[in-house]
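As C-alpha cells, the structure follows; a few thoughts come after it.
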C-alpha cells in the first residue's frame, strides 16, 4: 500500500492547489484560500467517512493530510502567476488523483464491516473522488461544475465498477487489478478531455 | 410496517422526480440530474442519520433506495415534456411523501437508544422530511425555497407534535395514531396550498 | 465549568440573533429565520461533533440549546427595529462567544478518546467557533464572509494555539489558562475590528 499512500497524499496536494486557485479567483483572503483548499482536498473523503460512520474522519487521525493542504496552498500562492505553465501538469495530476481516490474509496467501502451492495460501493467511491470539488464550488457560490461540465464523475463510477468486476473474475491479483482500474480511469478521463466530451444535457 | 415501507419508497421516488426537474431547469447534465435527484430524495434522512449517529446511513444498507432514485430520475427524464400534466399529482404525492417522512422520522427519533426531548424529536422529524429539498436548493445555488415560500415545514412540525400528543394520551393504538397524524399533515398542507397561505415574513 | 456553561449558552443566543438578522435581510419567513438562527448558533458544534463521531450531536442531548435558539430568534424579531442601538453590544457578545466556543472546542478535542495532533485540535476549535457562520452564509446564498472579510478565524486559531502552549508550559492551572486564552482572543478580535484589519487577499 506504500505507493497508494504516496499517490493519495500527492492527490490531496494537487486538489489543494486546484482549490486555492479557485478561491483566488473569488478574491478570498488567506484564510478563505486555505479553507477552500482544505475542503477540495479532504472534503470528499470526509463526507464518505461521516456517512459510513468511520469517525473521527481520516485526516483527524493523520495530520499529514492537513500538512499536504498547507503545502498545496502555499505552492499555489507562491506560483500563482506561473500557474498557466502548469495547467497541463495539474490536469494530469488531478486525473491521477481522482483515479486513486476512486479505487481507494472502493477499497474502503469493500473493507467495511457491513456488507455493502456494489451500487453502494461505487457511490462511495465516486463520493470520495468527486465531492471535494462539489463542496469547493458550493462554498464559492457556484453550481458544482461536475454537474454540468466535463466528464469527471463518469470515469470514477465506471472505473470503480470495472475494479469490482476484475475482483469478481479474480483473473489478476487484487493489487494488480487496482492498477488496471486506475489506468482505465486515467485513460478514459484524458480521452474525454482531449475530445471535449460532455455528458448529455437534459432538455 | 409494510404500508409504511411502500409509501416511504414511493416518497423517495417522487422526491427524486422533483429533484430531477429542478436540475433540468438549471441545465445540468445527466450526472448532475442524478445527484440532485439523489440528495432531494435521500438527503433529509442522511442528515438525520449522520447527526444521530445511525451510520452507515440508511440507504447504504438498503440499496433499493438508490434504485428508487434511478427510477425517479429516469421517469422524470422520459416524461419531462409531459410533466405539466402531472403537476397536480406530483404535488399530491410530494405531500403524501413529506407526511410519511415526518412520521417515520418521529418514529426513528423515538426508538433511538437515547431518550430525546420532544422538541428534539420534532426537529429530527422536520429535518427528515424537509432537508432533502434544502440541500437540493443549495446545490442549485438558490436560497432554499422552504425558507421563504409556501407552508412546507409547518405541517411537518405540527404533525409530528400532534403524533407525540396522540401517543401521550394513548387514545388510539400507535399505528392508528400515525395515520391520523399523517392525514393531519396532508390535509393541512393541501389546505395551505389551496389558500396560498404563507408564513409571515419578518420586516 | 459553570461559568463556561452559562457563557456557552449566551454565545448561542447571540449567534442566533446574528443569524436571525441575516435571514431578515434575505426576506425569509418565520421558519427560514429560525433555521438560519439555528445553524448559526449550533452549526459549528454540530459539524465538529459529526466529524469526530460524538453523536448524537450535543444539542440533541441538551434541548436547552434549542431553547436558546428560540430565545435569540424571538429577541431579534421583537427588537429588529432597534438593533442598530445594539450593534456594538452584539459585536462584543459575538466576540465573547467565539472566544468561548474556541476554547470549549479545544477542550472537547483534547478530552477526546483518540489522541489528536495539536494541528487537528486547533482545526476542531476553529470549526466549532466559525463554521456556524459559514453554514449561515451558504444557506443565504453568499460566499462565507469569513473567507474574505474581517479578522475572524485568526484570533480563534491563535487563541487555541496559545491555550495549548499555556497548558504545555503548565504555568497556570488549566482553568486559569483557559481564561487567559479567552481574553487573548477577545482583545485580538476587538483590536482587529478597531483598526479594520484584514487578512491579505491573494492577487
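Here the Cβ of each residue, glycine as well, is placed from N, Cα and C on the backbone.
Model, not experiment: these values are computed from the prediction.
The domain 'Glycine transporter' feature in TrEMBL is assigned to C:6-80, C:92-166. Per TrEMBL, transmembrane segment is recorded for C:6-23, C:30-47, C:59-79, C:91-113, C:119-139, C:151-169, C:175-192.
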Under an 8 Å Cβ to Cβ limit, what residues of the same chain, 6 or more beyond the ends of the transmembrane segment (C:59-79), are close to it?
9, 12-17, 19-21, 24, 33-34, 37-38, 41-42, 45-46, 86
Could you give me the DSSP helix, strand and coil counts for the domain 'Glycine transporter' (C:92-166)?
58 helix, 0 strand, 17 coil
Taking helix as H, G and I and strand as E and B in DSSP, count the residues of the domain 'Glycine transporter' (C:6-80) in helix, strand and coil.
62 helix, 1 strand, 12 coil
Segment confidence, the domain 'Glycine transporter' (C:6-80), expressed as mean pLDDT:
93
